[in-house]
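Colleague: Pulled these features from TrEMBL for this protein:
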- HIS171: active site, tele-AMP-histidine intermediate (ACT_SITE)
- 75-185: domain 'HIT' (DOMAIN)
- 169-173: motif 'Histidine triad motif' (MOTIF)
Amino acid sequence: MAAIGSFSLLRNCAVTTRAFSNVRVSPRATSSFNSIKFLNPHHSQRSLFCTNAIHDEEASAKAAAASADSGAPTIFDKIIAKEIPSSIVYEDEKVLAFRDINPQAPVHVLVIPKARDGLTTLGKAEARHGEVLGQLLYAARIVAEKEGILDGFRVVINNGPGACQSVYHLHLHVLGGRQMKWPPG
């Protein structure tokens with residue numbers, strides 16, 4: 001469970017990175033945070049640690065990739081088996097959708113296939129996976145309707161360490177409930 005908490009902390013920090021464009025450091029700055037002036041009073045001192053957190057998130061994604069094909073159960077396998085509790089939004093015989101424990105939008109739901117069947121990343125999809133890939137997208141639409149965001153939502157798939165994929169069990173992020181920006185990341 002500590003690994004989940006650390007990952008959540010890293011993702012929270014990544015969201016506040018833009019605060020660095022609003023920081024002014026006194027010419028007489030010391031190692032004290034008191035010499036730092038925030039141009040926007042809503043930013044906090046924790047924003048200062050985000051560059052390291054982003055690097056750590058990238059390092060964590062690379063570490064996760066190293067064991068991606070080990071066949072070991074992922075956290076999602078444990079959620080499917082009901083060994084780890086989750087807030088289920090939608091479920092059928094092939095797909096499970098549940099709320100993300102570290103939401104990046106007012107609505108943030110993960111949609112996963114119940115059987116991994118070699119689908120650790122979208123990059124490993126084969127023609128035989130066509131049906132389940134379609135079911136995942138259709139489930140994303142059902143989730144959007146259930147959550148009241150059918151008029152505006154985003155579906156994201158992180159593929160590999162370069163996209164900071166942290167769980168090697170194919171999953172879709174359904175995000176909505178706020179205005180999405182472009183480009184995304």
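Each residue, glycine too, has its Cβ placed from N, Cα and C.
Note: TrEMBL annotation is automatic and uncurated.
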Colleague: What are the helix, strand and coil residue counts for the motif 'Histidine triad motif' (169-173) according to DSSP?
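Modeller: The breakdown for the motif 'Histidine triad motif' (169-173) reads 0 helix, 2 strand, 3 coil.
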Colleague: Within its own chain, what residues at least 6 apart in sequence put their Cβ under 8 Å from the Cβ of HIS171 (active site, tele-AMP-histidine intermediate), listed in sequence order?
Modeller: PHE76, LEU110, VAL111, ILE112, ILE157
Colleague: Determine the mean pLDDT over the motif 'Histidine triad motif' (169-173), rounding to the nearest whole number.
Modeller: 97
